[in-house]
Amino acid sequence: MTSPESVSNPKGMRDLKSDEMKVRERMMERMKGVFRLYGFVPLETPALENWEVLSAKGAGGEEILNETYNFEDKGGRRIGLRYDLTVPLARFVAMSPSMPLPFKRYQIGSVWRYGDVARGRLREFWQADVDIVGSESMLADAEVIACTIDVFRALGFKNFTVRLNNRKILSAMMAFAGVEGGRVDDAFRAIDKLEKVGREKVLEELSQRGVGEGASGKLMELLSLEGSPKELLGKAEKLIGKAEDGKQGIGELKELLSYLEKMGVEKNVKVDFSLARGMEYYTGPIFEVFFSKEVGSLAGGGRYDRMIGLFLGKEIAATGISFGIERIAEVLEGGEKKADKSVFIACVDESLIGEAVGMARKFRENGIPAMVDLRKRSLAKQLGYADSLNVSYVVIIGKNELKEGKVKLRDFGSGEEKLLTADECIKLIKNR
């Protein structure tokens with residue numbers, strides 16, 4: 001028999017308790033509501049994928065593959081747990097050649113990576129993705145970004161920024177600065193930290209990685225540009241606009257920004273030439289939702305026109321974003337715990353349980369979650385249990401009040417009590 005002391009979760013895995021799951025469920029329902037408004041449809045894929053899919057060159061990259069859970073099944077086939085939701089999407093598209101395009105899908109689910117475990121970094125975590133497959137238009141990228149902004153607004157976020165850049169602009173920046181060969185990726189990693197660590201630390205890291213003072217100076221010339229998104233692109237055009245990559249990248253962002261302006265979401269967008277995420281993966285615009293220095297990034301994505309072609313045998317355009325469910329939930333948790341309108345119905349006397357059951361049914365029919373005591377406890381113990389459930393309200397049924405057709409409604413947040421009919425309770429709770 002297993003002893004209680006030896007029962008634990010695998011390292012990097014955790015249980016999500018009721019309060020945490022309530023926050024996540026409310027959050028994900030709001031997210032799904034916005035996804036559907038933009039015409040995204042749900043897709044579910046297996047947690048397990050064939051190793052040939054997960055390890056395809058250009059899919060996850062060497063670093064991610066080193067963190068992938070993989071093993072041989074009983075039939076000798078090598079399989080692994082998905083490390084993101086994009087590679088399974090690419091495999092699904094490759095298996096559905098007659099599917100109408102563009103294909104707009106959303107998916108929410110767990111992914112697994114065998115990395116170092118730290119606060120906010122687990123080996124199993126949740127992601128929510130939206131992607132548009134089969135459109136080269138910047139309008140597709142604009143829809144993904146606008147949908148993302150509307151998601152964060154629906155979740156109650158106010159002070160967030162969508163940082164925007166382009167893979168082609170970054171390539172042109174490196175050519176402008178004279179950074180070549182293996183130092184290009186090193187330079188990308190260094191400048192991507194600018195928002196977190198500041199100019200001096202980035203210059204120090206560039207020097208440590210072998211990027212010369214002259215090249216670093218030219219990079220900083222671009223990274224120090226200021227102004228509105230349109231002004232920034234105009235200034236960058238004078239420096240890198242003659243290079244083909246620079247011309248294309250700036251042109252794409254100008255078109256993208258014009259769509260975002262028409263959609264009324266441009267105020268949340270900031271052009272940031274230091275954003276350098278997933279450089280082996282992305283082919284055009286890249287974007288990231290930034291909340292604060294303490295929290296960091298809450299979502300990130302971009303255009304990846306080559307990856308799906310690895311499975312399909314021909315290039316197919318795609319763009320999308322991934323939301324970090326764990327990090328978003330962590331920000332929301334404090335304000336969400338008492339956000340529901342659930343009710344616990346307590347009885348002064350055990351003989352009134354039938355009344356409680358009937359009343360619970362009435363609450364549920366009106367869309368209000370309701371619970372009754374299942375252990376024949378005293379009123380004090382029922383109230384203690386209700387408090388531990390973090391319910392918003394308690395209805396107390398007593399014989400004297402019931403003669404008048406009324407019950408006591410206690411607001412657990414304020415402690416206020418009112419003597420009301422069941423219908424009045426329902427009306428009050430629904431209007432709160």
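Cβ atoms are placed via backbone N, Cα and C, with glycine included.
All TrEMBL annotations are machine predictions without curation.
Residues or ranges marked as domain 'Aminoacyl-transfer RNA synthetases class-II family profile' in TrEMBL: 1-332. Among the features that TrEMBL reports, L-histidine binding site is placed at ASP84, LEU85, THR86, ARG113, GLN127, ASP131, ARG277, TYR281, TYR282.
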Collapsed DSSP category at ARG277 (L-histidine binding site): coil
For THR86 (L-histidine binding site), the three-state class that DSSP assigns: helix
Residue among the binding-site residues THR86, GLN127 whose Cβ has the most other Cβ atoms within 10 Å: THR86
DSSP-derived structure type at GLN127 (L-histidine binding site), helix or strand or else coil: strand
Local backbone state of TYR282 (L-histidine binding site), from DSSP in three classes: coil
For the binding-site residues ASP84, ARG277, TYR282, the one whose C-beta sees the most other C-beta atoms within 10 angstroms: TYR282
Model confidence over the domain 'Aminoacyl-transfer RNA synthetases class-II family profile' (1-332), averaged pLDDT: 91
